[in-house]
Amino acid sequence: MSLVDESPVNSSSSDDFAAFLDAELSDTNPQQEEEKQESDDDDADDNDDEINAVIERTKRRKISVVDDTEEPNGSTSHIVQTEVTETSVKVDICIHPGFIGGMCIKCGEKTDDDTQSSVAFGYIHKDLRLANDEIARLRDRDLKNLLRHKKLYLVLDLDHTLLNSTRFSDLTQDEGYLLNPNDPMQDALKGSLFKLPFMNMVTKLRPFVHTFLKEASNYFEMYIYTMGERAYALEMAHLLDPGRVYFDSKVIAQGDCTQSHQKGLDVVLGQENAVLILDDTEQVWSKHKDNLISMERYHFFASSCKQFGYESKSLSELRSDESDTDGALATVLKVVKRVHSMFYDSELGENFAGRDARQMLHAVRSEVLKGCKIVFSRVFPTKFQADNHHLWMLAERLGATCSTEVDSSVTHVISTDIGTEKSRWAIQENKFLVEPRWLEAANFLWQRLPEENEFPDVRLNIISKLDQVNQVIGIDLLSQSLLPAIVELAEDRHWRVRLASIEYIPLLASQLGVGFFDDKLGSLCMQLLQDNVYSIRDAAENNLKRLSEEFGPDWAMQHIVPQVLDMIKNPHYLYRMTVLRAISLLAPVMGSVITCSKLLPVVVTASKDRVPNIKFNVAKVVEKSIKPCLVELAEDPDVDVRYLANQALQSIDQVMMSS
C-alpha cells in the first residue's frame, strides 16, 4: 500500500500507516510476514534490523550516478550524463515525511534532530515520528475519506469513563465476593468483570459499554486515549474490543502524549473540527475543551471512591451497578448521535468539509438550561471573580445566564447554605432553591432535572431550620410551602430520603401546632409505621413518642393510640412487632393508668401469637415497660389500685410462663 493511496472503507490513516510500515519493514525477511508480532516492546536489536532494512531499500531506490569517463572521438556523453544526473538528483530530493529511529522512512537519510518539525506517533509504530507537513496531508486525506462515509472521530478515555480497575490488594472485605466463583453475583457480572492475575488487578466494564461501542462505530472512527501505560491500555482495549473491530492500532497511552499531564489531539490523525472527546477529567484537555463531553466518573470499586474522597459505599460493596439503559453511556450515546446528525444534516447543503462538530456540540449543550437565570449564594468566596468560577462557566455553557444580584427575572438560586439572604429570598419569592449538584447533574445527564423531585436535600435543610425560615416568611406561608415538600419527601422512592424527612415531623408539628398536625400529618405518621424498611418503621415509632410528649397523653389517646393498637390485627408479623415496639416507647409517656388499662391487654393478646419473634417482643415490652408501671401501681395509696396492680402482675407472670 502506498502512502498516497485512498483508504478503503472503515479504515483510518493511522491504521493505513501501520499497515504500510509493517509491509515495508518486512520486505527483507518474508518469514516475518507469517509471524505474529508479540508486542510494541520488541528488543532493540530487532528494531535496528528493521531500520537497516529501510536504509538498504532506500539505497536501491536512489538513482545511480555514472562515473565521469572519457569516450573515444571526443564524445560528450559524460556531459549529458552529468546533466541528467544533476536533474535526477533534484527530482529525487526527499521531503522526509517521517522518521523511525531518526532515519527517514522514505529515503533512509539519518537526521540528528527531528523533534522540532515532527510529532511522535509511537502507537502507530515504535519510534515513528511524522513531519508536520505529512501529518497535515494524512489528516486532509483521512477527513475526505471520513466525510465520504459520513463519519466523525470519537476519542475515548478508559478509566472512570469506559471501565474501572483496582488491584486485588485494594478490594475490601465487602468486595470479596467478586473473587468467589461460587457467589450468586458471578452470573450477573459475567462478561463485564475480568480478573487479570498477570496484572494483579480486576477490571469492571461500565454497563452498556459493548452496546455503546457497537452503535458508535456506525457513526465514528474511534480512538482510545488514556493516561495509563501502554501495556495496560492494550489489555483494556482487548477487553473492550477483542476482535480489534473498533480501535485496531488507535490506542494512545501516556507515553504518546507530547505534553506532561496533558492530552492533546496533536497525536490523533484527525481534523479537530471533526473530533468529539469523552473523558471524566476536563483538566487534561485544556486545549480542546470545545471538543469535550464530560463524563460522570464510574466508581465501581471501593478504592475508586476512596481515591476521590467519597465516604459512601461503592457500587461493588452494595452489590449494585449503574443502569444499563439509563446510565452515563446510554445518555451520552444519544448526545454524540445527535451531534453527528446535525453535522451531516442535508438541509445545510453538501459542504461537509466546512462544518465544525464543536459548534454542533455547543448548540446541543446550550439547550440544557436555556431560559434559566441563576444566582449563586455561598458557592464560592465573596472576593472570587464570579464569572471565573467553574460552576458559573458551566451554567453558561449549558445555556443559562448568570447574575450576582437577585431580581424578578432570576429563576434559580444555587446555594450551599439555607440561611443566606439570597436563599431566604428564593424561598420567599417562590424561586427554585437548589444545590450545586443540580447543576452538575444537568451537565452529566444533558437535561434539566425536576428541581423538586430529584434533589431533596435543600428542602430537608429548610425543614431542619424551621425557626429561621418562620421568621422570614411567616407561619402561613411556611405551612403552604413545606407541607407538600415533607409529604413528598416522606413518600420518596429512596428510603434514606424518607428516613431523613421523618425526623423533622415532630419539629414541624411543634412549629405549626396540634391542629395543623391532626389535619395534615397524622395519617402520614400512621402510614410510615407500615413502611417496608425497618429503619423507617423504627423512626416512625420514635416519632409517636416525641409527638405524645409534645401534645400530651390525652391527645395521644385520641389521635395515635387507637390506630396503633388496631395494627395488632395485621396479618404480617413485622407490623404486629411494630405495635409492640410502639407500646414499649409510649408506655412511659402515657402513664401507668393508661398503660395498664389500654396497652396491657394488647400485649397479653400478642403473647399468644404463633410467631416466636412476636412472643419475644412481648417479653421485652412486659419486662421494660409494663412491669415497671404495675410495680409503681402496686405501691399506690389506694387499696383497690394496689390490689388490681398485684393481680395484673400475677396474671402477667402466669401468661409468660404458659407462653
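Every residue gets a Cβ built from N, Cα and C, even glycine.
From a predicted model like this one, the values you see are computed outputs, not experimental measurements.
Database features (TrEMBL):
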type: COMPBIAS; residues: 11-27; note: compositional bias 'Low complexity'
type: COMPBIAS; residues: 35-48; note: compositional bias 'Acidic residues'
type: DOMAIN; residues: 147-318; note: domain 'FCP1 homology'
type: DOMAIN; residues: 364-439; note: domain 'BRCT'
type: REGION; residues: 1-48; note: region 'Disordered'
type: REPEAT; residues: 482-520; note: repeat 'HEAT'
type: REPEAT; residues: 521-559; note: repeat 'HEAT'
type: REPEAT; residues: 560-598; note: repeat 'HEAT'
type: REPEAT; residues: 626-659; note: repeat 'HEAT'
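Mean pLDDT for the repeat 'HEAT' (482-520) in the predicted structure: 71. For the repeat 'HEAT' (560-598), DSSP puts the residue distribution at 34 helix, 0 strand, 5 coil. DSSP states for the repeat 'HEAT' (521-559), grouped as helix (H, G, I), strand (E, B) and coil, give 32 helix, 0 strand, 7 coil.
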